[in-house]
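Q: Feature annotation from Swiss-Prot assigns signal peptide to 1-16. Positions annotated as domain 'EF-hand 1' by Swiss-Prot, on the basis of sequence analysis: 21-56. Taken from Swiss-Prot, the feature Ca(2+) 1 binding site applies to Asp34, Asp36, Asn38, Lys40, Glu45, supported by a curator's inference. Swiss-Prot lists 93-128 with the feature domain 'EF-hand 2'. If you look up Swiss-Prot, you'll see Asp106, Asn108, Asp110, Glu112, Glu117 marked as Ca(2+) 2 binding site, on the strength of sequence analysis.
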Amino acid sequence: MILVVTLACLIAVVCCQCPTTDQGQISKVFKAYDIDGNNKISRVEGTMVFRDADLNRDGALDNNEFSSEWAFYHNDYYSPFFNVADRNHNGRIEFVEGNQGFDHFDKNRDNEISSWEFTQTWMETVRPSSRPIDF
């Protein structure tokens, strides 16, 4: 159930004002999705996050699938993340939209998101003066 939070961050945090810049919270989110504990989120782990969250197995996350996990982990902050992640505005987050978010976080393009990449991208995005980042 907790697995969709990183997907949310990977997809959406790069385009909106996040609810927190707290290092402890960022670390907690990262560790929840570093499934094998190697201090990196691989593309395989990102795919697992998406598939686990896709409860009806239709290849996309609807608002209910997204919000049930997001609300559990971040209370009421899921809505802006969903709206930004839904790049084509069809009310669903398709797998390709999830991959776009992953690519944005993977700064060195090695198909893994390090703790540093995750934290830096999150922090750059939530700065009050930051503009939305397109990916």
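Positions of Cβ are set from backbone N, Cα and C atoms, glycine also.
Relative to the rest of the structure, where do these features sit?
A: With DSSP classes pooled into helix, strand and coil, the tally for the domain 'EF-hand 1' (21-56) is 22 helix, 3 strand, 11 coil.
Asp36 (Ca(2+) 1 binding site) counts 10 other C-beta atoms within 10 Å of its own C-beta, drawing on all protein chains shown.
Broken down by DSSP into helix, strand and coil, the domain 'EF-hand 2' (93-128) contains 23 helix, 5 strand, 8 coil.
For Asp106 (Ca(2+) 2 binding site), the same-chain residues lying six or more positions away in sequence with a CB closer than 8 A to its CB are Glu112, Ile113, Glu117.
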Q: Once Asp106, Asn108, Asp110, Glu112, Glu117 are set aside, which residues in the chain still have Cβ within 8 Å of the Cβ centroid of the Ca(2+) 2 site?
A: Lys40, Phe105, Lys107, Arg109, Asn111, Ile113, Ser114
Q: By a simple count, how many Cβ atoms lie within 10 Å of the Cβ of Glu112 (Ca(2+) 2 binding site), its own Cβ left out?
A: 20
Q: Does Lys40 (Ca(2+) 1 binding site) have same-chain partners at least 6 apart in sequence with Cβ under 8 Å from its own Cβ, and which are they?
A: Asp34, Glu112, Ile113, Ser114, Ser115
Q: Rounded to an integer, what is the Cα-Cα distance in Å between Glu45 (Ca(2+) 1 binding site) and Asp110 (Ca(2+) 2 binding site)?
A: 14
